[in-house]
Amino acid sequence: MARRIVDVLVPLALDQPYSYAAGDIPVAPGDVVRVPLGTRECAGVVWGENTTPDPRLDNRIKAIAEKLDVPPLRDEMRKLVDWIAHYTLAPRGMVLRMALRMGEGLGPERERVGVRLAGAPPARMTPARARVLATLADRLVRAKSDAAKEAGVSPGVVDGLIDEGTLETVALPPEPVARAPDADFSRPDLSPEQAAAAAALRDAVAARTFATFLLDGVTGSGKTEVYFEGVAEAIRQRRQVLILMPEIALTAQSLDRFSARFGVRPAEWHSEISPRKRARIWQGVAEGEVRVVAGARSALFLPFADLGFVVVDEEHDPAYKQEDGVRYHARDMAVVRAHIEKFPIVLASATPSVETEVNARKGRYRRLSLPQRFGGQSLPHVEAIDLSREGPPRGRWIAPRLAEAVTVAIERKQQALLFLNRRGYAPLTLCRACGYRFACPQCDAWLVDHRFKRQLVCHHCGFSTPHPAVCPNCHAADSFVACGPGVERVEEEVGTLFPQARVMVMSSDLLTSVDKLREELTEIQEGRVDIVIGTQLVAKGHHFPRLNLVGIVDADLGLANGDPRAAERTFQLLSQVAGRAGREEGQGIGFLQTHQPEHPVMRALIAGDREAFYASEIDIRERLHYPPFGRLASLIVSASDRAAAETHARKLAAIAPRDERVRVLGPAEAPVSLLRGRHRFRLLIKAPRALDLSGYMRDWLAAAPKTTGDLKREIDIDPTSFL
Ligand SMILES: Nc1ncnc2c1ncn2[C@@H]1O[C@H](COP(=O)(O)OP(=O)(O)OP(=O)(O)O)[C@@H](O)[C@H]1O
Ligand SMILES: [Zn+2]
C-alpha cells in the first residue's frame, strides 16, 4: 500500500504547506498536528491530501509526530485563511498563525485546589490561623486562594494548616470560561425605530443566510440595544456570536450592559488576556461551548464551531485595520467570513466609513436607521470658536468663551470634556538660544515632551530620552521652549483656570492596563470628576450621564497631514467626541476651536448636517477615483541605506506590469521618510474597482528582483494609513 502523504500548513512566514507522511495516525484535513520542522517541532494544520507527492522527496519526507487533542479547523475557517492570504498577499502561514493563537497554554487544565476543614486544630494557634479556621467553620469547600483571601492571610498560612492535617485538599473542577447567556434575561422596551431595526436583525439571524446590515444610528440612539436583539436570536438558535469592538471600547461599561441584558458577561478576547485564559477560550469557542465573544479585531480568527451572527461595533474605527504583519481590515474580513459561512453581519456606527456609506447607498448593505437619540434627548448643539478672532492669549489653549462655558458647567455640577488628540505636554521642544529642535535619532519626527514621565519621546518608534540640562548644540542652560499643546499642557492650564475642579487626564501613555482604564471610566461615570482632559481614548462609545459640555481644543489637528482620509477621520472623531455630550439630560454643547470654521468638515459638524459631509466627501472620492470608487495599494520599500531603498523602489516602478487601467505613482519619499532607522520610499497603485489588484501586485512582485541586505518590501492592499 502506498504511503499516505498530507500537506500541513505551519504557522510561519511560508505560503505553501509542507508534505508529511501520515503513518498510522488517522488524520483528516483541518486536524491540528505536531510536526518536525528543521531541528524542532511545531503545531500545524493538515491542509489537504497530497495524492501526487514529488517522488524525489520520497525518502526525505518526515512523519507527523502526533495529532493534537483539539477540535479540527473547519473547512470554512481554512477557506477564510486562504482567502485572506490571497487578498492581502501575506504568506498563508502567517494568517494561519492568527487562527492558531491559542497560546502555548493548550493542554490539560491546571487543577484548582480546594480546601476544607478536616482534622484537629493545629498544635500552635496564631491569630492568622484562627481567622482561617473561622472562615472555614461552615465546612464548605473553598478554592485555596479564596480561603486565604477571605481570611485575610497569606497562602502560606493555609499551606501550613494543610501540612498539619487541620485542612484537607480537594480537587475542584475548572471554572467555566464563560457561562451560558440567557436570551430572555432582561428584555428592554424598544422605541418603534429600534423595534423595527431589531426585527430585521432577528429575522436575518433566523434565516441563516448571508446579509450585511448597516446599523446607522446617531450617537446615543441605542444601537447596542438593537444589535443585542440579533444576539438574543442567535442564542435562541443555539448558535455562536462574535461582537467586534475597537480594543479600547471593550470597557467594563459595555460588558456590564451585556450582562444586564443576558445575565452573564461574554467571553473577552483582547491583547491583555493571559495565555492560559486564551487557550481555554480558544478551545471553548472551537467546541461551541462559549456562546458569545466580545473581542478586538484578532477575535475574527477564532475557530467558532457554529458562528451565526457578527456585530462590528463602531465599524468606521481605524483600529480595525492591522498595520503590521498581515495587513487586514477586520471589518471587511468579517464580511468575507459572513459570506463564506453564510450568516448575517451588522456594521454599527453613528458616522459610517465612506466605504460602508456608499455600499448602503448602492443597496449592497441594508441600512437600518435610528435617526433620534433614545429617550428624546436632542443631539448636541455645536459651535465654532474662531481662533483667529477670539482665540486664547499667547501660550494658552483654552479660548475665553470655552473657559466661560466650563465654569458654568461646573457650577451646575455637570462635567466637561476637553478633547485634544495629542499625548504628552508639547509636540516640539526647541532651544531659544540657537534654534535647535529635538528630533528622534531614528525617525523623521520631533520628540514629544512628556513632563509627567520626564522624558522626550518619539511617537513613531517609542525612543525616549530624559530632558537634558543644557542644549546639546549650544550648551545654553534653561533655554528650552515648549511649542504647542498636548493633554498634559492643557491640564496645566486647567489647573490655573479652575483651581477647585477635580481633573482627570486620560491618555494611553498614562495608563498601565485595561483594568486601570476601566477604573478611571467608572470614576467619570459616577461623577467623581469635573473636567476630563483626554485623547481619543475618551472619544468612543462611552456614556457619561453628567457630561454636557465638550470642548475640542484643536479641531484642525487631524486635517493637516496630507492623508486622503483626513477629512473623513476628522469628521468621525469630532462627531464621536461631541456625541458624548448631553446623552442623559439637558442640552449637550460642543465647541470646536478652529482656524477654519468654513472648512466643509467644520460646517457639517456645526450644522449637524451629516448628509452634507457625505455628499461632499463622496463627490471628491468619485472624482479622484479614490476608494470605494477605485482601489489603492501601497508598496513601501525600506532599508537602513537610503540609496539602496530608493534604487530598489525605482527598479520596481520600472518593471511594473503594463496595464492602462492601473497607475503607479512614485516612488516618492514617504511622509515619514525615516522610521526606526529605516529610510522609506512609497509607491501608490491606483486601479479601477473591478480590477484584481491583489493579482496585479502578485504578478509584479513575482518578477521583481530579490531583496538583498536589509531591504524590505511591505504591501498594503486597501491602505488606510498614508504615512
Ligand atoms: N430601549 C432602551 N431601553 C432603555 N434604555 C435604552 C434603550 N435604548 C437605549 N437605551 C440607553 O440609551 C443610552 C444610549 O444608548 P447606546 O449607548 O446604545 O447608544 P449608541 O447608539 O451606541 O451611541 P454611541 O454611538 O454614541 O456609542 C444607553 O444608556 C442605553 O442604555
Ligand atoms: Zn523614532
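Note: Cβ is positioned from N, Cα and C throughout, glycine not excepted.
Summarising the annotation, TrEMBL assigns domain 'Helicase ATP-binding' to 204-370.
Marked as Zn(2+) 1 binding site by TrEMBL: CYS431, CYS434, CYS471, CYS474. Proximity of CYS431 (Zn(2+) 1 binding site) to non-local residues of its own chain (separation of 6 or more, Cβ distance below 8 Å) is seen for ARG437, CYS471, ASN473, CYS474, ALA476, SER479, PHE480, VAL481, given in sequence order. Secondary structure from DSSP puts CYS431 (Zn(2+) 1 binding site) in a beta strand.
Feature annotation from TrEMBL assigns Zn(2+) 2 binding site to CYS440, CYS443, CYS458, CYS461. For CYS443 (Zn(2+) 2 binding site), the Cβ neighbour count at a 10 Å cut-off comes to 21, with all displayed protein chains included.
Distance from the CA of CYS461 (Zn(2+) 2 binding site) to the CA of CYS434 (Zn(2+) 1 binding site) is 27 Å.
The 6 Å Cβ screen around ligand 2 retains CYS443, CYS458, CYS461 from the binding-site residues CYS443, CYS458, CYS461, CYS471, ordered by sequence position. Averaged across the domain 'Helicase ATP-binding' (204-370), pLDDT for the predicted model comes to 94. Neighbouring residues of the recorded Zn(2+) 1 site, listed in sequence order and excluding CYS431, CYS434, CYS471, CYS474, comprise ARG432, ALA433, GLY435, TYR436, PRO472, ASN473, HIS475, ALA476, SER479 (Cβ within 8 Å of the Cβ centroid). Neighbour counts of Cβ atoms within 10 Å were compared for the binding-site residues CYS461, CYS474, and the top value is held by CYS461.
Of the listed binding-site residues CYS440, CYS471, the Cβ environment within 10 Å is emptiest of other Cβ atoms at CYS471.
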